[in-house]
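What follows is one structure encoded as structure tokens, with my remarks underneath.
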Amino acid sequence: MPTATPPGQPRKELSDSAVVSRSWGMAVATLVSRLTGFARMVLLALILGGPLLSSFTVANQLPNLIAALVLEATFTAIFVPVLARAERDDPDGGTAFMRRLVTLATALLIVATILSVAAAPLLVDLMLGSDPLVNRPLTTAFAYLLLPQVIFYGLTSVYMAILNTRNVFGPPAWAPVLNNVVAILTLAVYLLVPGELSVDPVEMGNAKLLVLGIGTTLGVVAQAAVLILALRAERISLRPLWGIDDRLKQFGMMALAMVLYVLISQIGLIVGNQIASGAAASGPAIYNYTWLILQLPFGIIGVTVLTVVMPRLSRNAAADDGPAVLADLNLATRLTMITLIPIVAMMTVGGPAIGSALFSYGNFGQTDAGYLGMAITLSAFTLIPYALVLLQLRVFYARQQPWTPIVLILVITAVKISASVAVPHLVSDPGMVAGYLGLANGLGFLAGATVGYLVLRANLKPPGGKMLNLEVLRTILVTIAASMIAGLAAHVVDRLLGLEALTEHGGGLGSLLRLFVLGVIMLPIVGAVLWAAKVPDAVAAVA
């Protein structure tokens, strides 16, 4: 039976040890989610192949894009700190405020879903550009079936934010697993349905098209349903409540700032998709799959840490406790960097093997798998500045400074678009365009993280101008050194032993063996350097 916080009383904060404990608990759920999601990705690639996968991927991006523009990212980043203040200040613990906000969000999502489905052809034209090599009619057909996901993605973010303010992290972490399971079952049904996916001409009544589109949408519905059950278990009322609260106006301004932020970021995504679509039929699939592969480690590590730390950081910011906010920032940075940096090194060295090990089967083929692997190598570094930017954004939103991140996203998008536009003129192989678009994306986040650090330091005014304490800085530098030594050693062994032959001639199984060898080389080196330098997290791990 959940224990409710008395109305008007501050919610008890999680200790550092509790944050770490819940981070590991969420990491298990997130690991299962990411692995099932990854299995879904691989199966889609093997079953559809590059060109058809591009059509499905572009269409499947649209509901995420629309939901993010309307409410999804807004609620994830802003709703938690605003509700934390209502929970602290209101006699009813913020219940009425939450119900009004959820009612407004639901109404907006319903309208957005109807409008986006009606505008499906226009949205597809926007994503593909004027002269794509991707099948436009098929992409449009998929869009009609997938865009109803908008309302369910949006509500998922709303419900997740509410649960996070109650320090309930399990159901939001496990809900995507059900989504992935439904999607995988959908692919099984797709294979069993007789006939072929019609592409010339495209038929909306085609059985395989309907199974893939409707089944994928049902997975998102199931994800939202899990969170509704979790809210009921917490005895949280979702009954509609109309009315205007002064903080709704404040939230409206914050939401407007976040919508502008997401809109600017999506411009970069659209430009990348258009360039990838014009370069190769499989370009959008490789471009987007590269990003999804990078999201696997980040989703397990970075998102977990951010989700657990965010409610505490929000309440510390609401109390204007600057030292506590800095402490939260240091904790999140340390936990994120010590785990992500070695993974980046492994993905940089082993990119080609990863691409071949996972995707050189079925209709996707060795050639596209090779291009995907090179794209991973070129863009793996993106994880570090990307994680830093997201952490910086959480601090700005927690301090109710929603307009400050606009500066960051303008810098990120400007650098990203500039580099992306240059790619087709600098790269002679059309298949490599998607990989260098990933590199352009990373350069944008690198610029944004740099500007974000400077702006955040000016806002927080830390003692001595140092945002991170010496222990965290030392941990980061030692982790970088350990990862570089391990990566260099693995690269040298890979070249001397000619392990690339395992990928070229051994296909997926050979690439798996190559990855195993690289991992056996790198993992002990990273661990030994961290332990020798007496990094606290490494010492604790072997104690």
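Backbone N, Cα and C atoms are what each Cβ position is placed from, and that goes for glycine too.
As annotated by TrEMBL, transmembrane segment applies to 41-59 (among others).
Residues annotated as transmembrane segment in TrEMBL: 65-84 (among others).
If you look up TrEMBL, you'll see 141-162 (among others) marked as transmembrane segment.
Residues or ranges marked as transmembrane segment in TrEMBL: 174-193 (among others).
When Cβ-Cβ distances below 8 Å are used as the criterion, the transmembrane segment (209-231) is approached by residues 56, 60, 63, 141-142, 144-146, 148-149, 152-153, 155-156, 159-160, 162-163, 168, 170-172, 174-176, 178-183, 185-187, 189-190, 193, 197-198, 202-203, 238 of the same chain, each at least six residues removed from its ends. Here TrEMBL flags 209-231 (among others) as transmembrane segment.
Residues or ranges marked as transmembrane segment in TrEMBL: 251-271 (among others).
Among the features that TrEMBL reports, transmembrane segment is placed at 291-310 (among others). Remote same-chain residues near the transmembrane segment (291-310) are listed as 14, 19, 22-23, 26-27, 30-31, 33-34, 37-38, 41, 80, 164, 169, 172-173, 328, 331-332, 335-336, 339-340, 343, 347, 354, 372, 376, 379-380, 382-383, 386-387, 390-391, 394, 398, 438, 441 (criterion: CB distance under 8 Å, separation of at least six residues from the stretch ends).
What TrEMBL lists as transmembrane segment is 331-359 (among others).
According to TrEMBL, the feature transmembrane segment maps to 371-391 (among others). Sequence-distant contacts of the transmembrane segment (371-391), counting only residues of its own chain at least 6 positions beyond either end whose CB sits under 8 Å from a CB of the stretch, comprise 282, 286-287, 289-291, 293-294, 297-298, 302, 306, 329, 332-333, 336-337, 340-341, 343-344, 347-349, 351-356, 359, 408, 412, 431-432, 434-436, 438-439, 441-442, 445-446, 448-449, 452-453, 503.
The transmembrane segment feature in TrEMBL is assigned to 403-427 (among others).
Per TrEMBL, the feature transmembrane segment maps to 433-456 (among others).
As annotated by TrEMBL, transmembrane segment applies to 468-492 (among others).
Tertiary proximity for the transmembrane segment (251-271) is limited to same-chain residues at least six positions away from its ends with a CB under 8 Å from its CB atoms, namely 61, 65, 68-71, 73-74, 77-79, 82, 101, 126-127, 397, 400, 402-403, 405-406, 409-410, 412-413, 416-417, 420-421, 441, 444.
Against the transmembrane segment (331-359), the recorded stretches 41-59, 141-162, 174-193, 403-427, 468-492 differ in Cβ pairs under 8 Å, and the greatest number is found for 468-492. For the transmembrane segment (433-456), same-chain residues at least 6 beyond its ends with a Cβ under 8 Å from one of its own Cβ atoms are 268, 272, 275-276, 279-280, 283-284, 286-287, 290-291, 371, 374-379, 381-382, 384-386, 388-389, 392-393, 395-396, 404, 407-409, 411-416, 419-420, 422-424, 426-427, 467. Within the same chain, residues 257, 260-261, 264-265, 267-268, 271-272, 275, 278-279, 389, 392-393, 396-397, 433, 436-437, 439-441, 443-448, 451-452, 455, 459 sit at least 6 positions outside the transmembrane segment (403-427) and bring their C-beta atoms closer than 8 Å to a C-beta of that stretch.
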